[in-house]
Amino acid sequence: MADSHGDTGATMPEAAAQEASVFSMTDVVLFSLIVGLITYWFLFRKKKEEVPEFTKIQAPTSSSVKESSFVEKMKKTGRNIVVFYGSQTGTAEEFANRLSKDAHRYGMRGMAADPEEYDLADLSSLPEINNALAVFCMATYGEGDPTDNAQDFYDWLQETDVDLSGVKYAVFGLGNKTYEHFNAMGKYVDQRLEQLGAQRIFELGMGDDDANLEEDFITWREQFWPAVCEHFGVEATGEESSIRQYELVLHTDIDVAKVYQGEMGRLKSYENQKPPFDAKNPFLATVTTNRKLNQGTERHLMHLELDISDSKIRYESGDHVAVYPANDSALVNQLGEILGADLDVVMSLNNLDEESNKKHPFPCPTSYRTALTYYLDITNPPRTNVLYELAQYAADPAEQEQLRKMASSSGEGKELYLSWVVEARRHILAILQDYPSLRPPIDHLCELLPRLQARYYSIASSSKVHPNSVHICAVAVEYETKAGRLNKGVATSWLRAKEPAGENGGRALVPMFVRKSQFRLPFKATTPVIMVGPGTGVAPFIGFIQERAWLRQQGKEVGETLLYYGCRRAAEDYLYREELAGFQKDGTLSQLNVAFSREQAQKVYVQHLLRRDKEHLWRLIHEGGAHIYVCGDARNMARDVQNTFYDIVAELGAMEHAQAVDYVKKLMTKGRYSLDVWS
């Protein structure tokens with residue numbers, strides 16, 4: 001009460017003073033408003049008088065916009081063969097380019113095309129072009145999935161009922177027999193086009209990357225073109241010849257700000273990073289941790305942590321992180337030296353076909369050093385078409401003959417290529433060293449070499465626990481070839497050398513992006529999970545376990561969590577040993593089962609432990625609705641594990657083998673048996 005009395009107890013002189021103060025303030029405010037309004041009126045009226053009369057903006061002409069009709073482009077440029085490619089690592093694109101280049105030998109003109117850049121509904125108009133043919137080089141990614149650039153095409157094929165009568169086509173698929181869904185994309189495209197009324201003019205080709213993909217392609221190609229000639233009534237105009245696709249332009253006086261320094265897409269994108277980040281716009285992540293995981297000296301297994309703060313990159317447990325590596329500077333320098341080239345010359349390789357969407361084989365202008373370091377694959381054995389093109393530069397007739405033989409489709413040539421190049425793992429530098437007379441111009445070599453591709457790793461962390469970092473688990477690849485050379489993995493050697501930020505005053509940066517995966521924990525946290533991941537195959541399960549531990553901390557009920565892990569010896573390469581022991585101790589891991597393959601006389605693998613626990617596993621699968629996850633080697637481990645589950649289901653489910661196989665296949669269809677494997 002005293003406070004309220006105090007509020008009204010002012011004397012008359014004080015009240016008068018307050019009133020005068022209020023009136024003077026009101027005057028000031030009113031005066032300011034009037035002045036402001038007058039000023040605004042004069043200023044903005046004047047500006048409005050200067051605005052030109054509005055005129056309708058003309059729409060850009062069809063030639064200035066991105067062409068979505070590949071048929072119109074074919075008509076405009078006189079092409080009658082289009083080769084579409086679904087490519088994740090660049091191989092399918094390379095094959096498509098080779099096929100489109102072949103066409104000129106038969107009096108035809110071809111073009112390679114990315115289905116992501118065109119409206120594939122235009123296929124129905126293809127018969128408007130005389131002797132038109134659509135070829136599809138389709139790679140299968142992961143577990144029967146389309147590649148990123150073919151996803152829209154795949155979706156369209158599933159949804160459309162367009163009539164493709166009169167469309168002539170052929171398909172070559174790229175796959176790997178160690179995977180469950182071998183060449184699924186190639187098979188689907190081939191079958192679906194026929195269902196829509198298109199006419200297959202040559203049988204489906206299926207390349208196997210687990211064997212010899214290059215030989216599979218050559219064998220299919222040498223039978224494909226005679227079938228095309230017979231169907232369209234044309235003849236080959238001559239032998240395969242060397243035709244340059246790009247012309248060299250040297251930049252002797254160019255602003256360095258206009259020169260690419262390793263960026264994958266937009267110039268200066270590494271200096272001015274803008275989301276969203278993807279394959280064409282990777283994020284430069286700082287390496288904050290790079291530690292060796294194992295105790296042994298025979299191999300180097302490592303754990304890296306990449307800082308993705310402020311990138312707006314989101315990921316989930318089970319996703320993949322892709323990194324763009326750089327070639328070893330020593331190899332690059334040796335290439336420059338053996339070719340007698342100045343690697344710091346700035347140049348551009350410009351497509352001679354002005355109508356092509358692909359203006360350069362890699363970002364240009366750039367230096368030879370940058371191209372060989374960041375853009376070109378210099379460590380994988382070159383394909384036969386590269387050897388064929390290089391042969392013309394061999395001064396020694398014997399060396400030229402050998403190169404042409406290896407590039408041929410003869411049985412002897414294929415065998416020589418397989419043994420001398422593929423099995424001996426000879427990269428381009430090794431070939432130049434072994435053939436002293438072979439010295440191609442560096443610009444032509446840069447045109448011929450394939451692009452250096454991103455490397456994918458299963459993310460070894462959970463975004464619930466580590467929202468601002470992505471973790472990688474990898475083994476440094478290093479081996480001696482049959483020729484006695486020491487070869488090193490491009491990406492793992494590069495990652496191994498990345499020192500965490502702050503250790504030497506600088507930042508170790510990794511261009512990266514995240515690729516979504518179907519390898520996901522069950523929607524219901526109470527669903528049991530059975531994880532099988534020997535070696536670095538444990539990576540995604542570290543993320544899974546972290547996430548389940550986080551859920552438990554949030555008070556959620558979590559189902560049984562079983563891990564079957566395998567390594568050689570406990571003291572040598574037991575990855576994440578302390579972390580896994582901690583998860584077992586706190587109850588997140590219901591079971592931690594470790595198979596040591598070299599700890600005892602008789603080797604023990606993860607499938608042996610699965611057989612040991614068959615009753616419990618069957619109960620979890622059949623009654624508990626458990627989800628099974630397998631990560632690691634596709635060639636042996638994944639197949640053996642799958643066969644083990646067939647046996648468990650057959651025995652404890654009282655089924656015939658065929659019934660057990662069908663049971664497991666249905667688990668896969670329902671998303672209860674997931675694979676994240678590689679070969």
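One-based numbering along the chain as shown.
In case you wondered, yes, glycine gets a Cβ from its N, Cα and C as well.
Residues near Lys603 (NADP(+) binding site) in space but far in sequence (CB under 8 A, at least 6 apart, same chain), listed by position: Ser597. According to Swiss-Prot, the feature NADP(+) binding site maps to Arg299, Thr536, Ser597, Arg598, Lys603, Val604, Tyr605, Val606, Gln607, Asp640.
The FAD binding site annotation in Swiss-Prot covers Arg425, Arg455, Tyr456, Tyr457, Ser458, Cys473, Ala474, Val475, Tyr479, Gly489, Val490, Ala491, Thr492, Trp678. For Tyr479 (FAD binding site), the Cβ neighbour count at a 10 Å cut-off comes to 10, with all displayed protein chains included.
Annotation comment: Swiss-Prot describes 81-225 as domain 'Flavodoxin-like', evidence class sequence analysis.
Residues annotated as domain 'FAD-binding FR-type' in Swiss-Prot, with sequence analysis given as evidence: 280-522. Mean model confidence of the domain 'FAD-binding FR-type' (280-522) amounts to 96 (pLDDT, 0 to 100 scale).
Residues or ranges marked as phosphoserine by Swiss-Prot on the basis of similarity to another entry: Ser64.
What Swiss-Prot lists as topological domain 'Lumenal' is 1-21.
A C-beta separation below 8 Å, combined with a sequence spacing of at least six in one chain, links Gln607 (NADP(+) binding site) to Met637, Asp640, Val641, Asn643, Thr644. Each of the binding-site residues Ser458, Thr492, Ser597 was scored by other CB atoms within 10 A of its CB, and the lowest score goes to Ser597. In terms of DSSP helix, strand and coil, the domain 'Flavodoxin-like' (81-225) has 65 helix, 35 strand, 45 coil.
Between the alpha carbons (Cα) of Arg299 (NADP(+) binding site) and Tyr456 (FAD binding site) lies a span of roughly 20 Å. Neighbours of Arg299 (NADP(+) binding site), defined as other CB atoms within 10 A of its CB across all chains, total 15. The separation of Tyr605 (NADP(+) binding site) from Ser458 (FAD binding site), Cα to Cα, is 22 Å. According to DSSP, Tyr479 (FAD binding site) sits within a strand segment.
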